[in-house]
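As structure tokens, the structure follows; a few thoughts come after it.
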Amino acid sequence: MVKELVVAAALGVLNTALVMLSIAGNAGGTSFGTALQTLIFWILSLVPLFVSGLGFGLRSALISILTSVLVAAIAINSSFALAYAVISGVPVILLVRQALLWRENDGVRYWYPTDYLLMWWAGVCIGLTLLAMGLLSWDDAMRQGLIDGFDQMLTQVTEMQGVAPALTGAEFVALLPQFLGPMWGVFVLLSGCLAQGLVVRFNKNIRPTPELTKMALPKWLALAFIGATVLNILLDVTVPLLGAFVITLEILFFLQGMAVIHVVSHRWNGRSFILGAIYVATVMMLWLALLIAILGLMENWVGFRRRFAVPPRQEED
């Protein structure tokens, strides 16, 4: 019990230390390298919280988060600590709780399905979007500060390139929530994956790693994605919540599309090289991610994985 408390508290302190490193890095300048460093530390900061939960249980995750909030309140300030608890602690607790759910049937333990877990993650993204919308509506000073900052940035871009921007600072800020929620959700997802990899590496995992290739999003979610996308295109006004919904579901169906590629690629020669090339190309060409999301959407009706499934003895984990 004492050892568990010490480990959980230490992971909470590590979390806060990484957050402080990201803040210190961001204060050092605005170059691409500094931004990348800040981004990496933000993602890594969530890993200790997930390690605590996925390796030692939900209670351990709670202790780590409480420790992190307490240290942040002392080292930074109480407002930051409270905000970080909401945008980081709550998503970690929700996802860890769902990930560790299981049922037993005939002596076989069945863990919470990957697709259900990802749908909870989608809910986290929407919740974060609502939080961002509420914060911008509530804090007029912060909203105006963002508008002034973006107006200044857009003016500089106009002077450098001689082309007037398509959006004003106010319009840009109005669009922010629909990107902030899904973007932070992606950070949470990456951190959870890294943490699960770590606890598996050291044989401390409570549950097996969820299998991406077996995720199967429901057809009603595919129809909701299509409907929301069409509505988002047809509307003349900006609706951040609808935009965030579309982006979040696009990420989900992108993952299902990658699941299709992983299953189908079992028949390919040079599979590892091809998969690596696809991942690199997706990062460099975002339109490819859209094509993979469409593939994942089509999977709900075509069933590529069922058609191209290989015999069980040939499958890889």
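Cβ coordinates are placed from backbone N, Cα and C, and glycine is handled just like the others.
Here is what TrEMBL records for this protein:
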- 6-27: transmembrane segment (TRANSMEM)
- 39-58: transmembrane segment (TRANSMEM)
- 70-96: transmembrane segment (TRANSMEM)
- 117-138: transmembrane segment (TRANSMEM)
- 183-203: transmembrane segment (TRANSMEM)
- 215-235: transmembrane segment (TRANSMEM)
- 241-261: transmembrane segment (TRANSMEM)
- 273-298: transmembrane segment (TRANSMEM)
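Relative to the transmembrane segment (183-203), the listed stretch 39-58 leads the set 39-58, 70-96, 215-235 in CB pairs under 8 A. Contact count against the transmembrane segment (39-58) (Cβ pairs under 8 Å) is highest for 6-27, out of 6-27, 70-96, 215-235. Residues 118-119, 122, 125-126, 129-130, 133, 175, 177-179, 181-182, 185-186, 212-217, 221-222, 224-225, 228-229, 231-232, 235, 275, 278, 289-297, 299, 304-305 of the same chain sit 6 or more residues outside the transmembrane segment (241-261) yet have a Cβ under 8 Å from a Cβ within it.
Within the same chain, residues 34-35, 37-38, 41-42, 44-46, 48-49, 51-52, 56, 59-61, 63-68, 70-72, 75-76, 84 sit at least 6 positions outside the transmembrane segment (6-27) and bring their C-beta atoms closer than 8 Å to a C-beta of that stretch.
Outside the transmembrane segment (117-138), and at least 6 residues removed from its termini, the chain residues within Cβ reach (under 8 Å) are 86-87, 91, 94-95, 98-99, 146, 173, 176-178, 180-182, 184-185, 188-189, 210, 215, 217, 221, 240-241, 244-245, 248-249, 252, 255.
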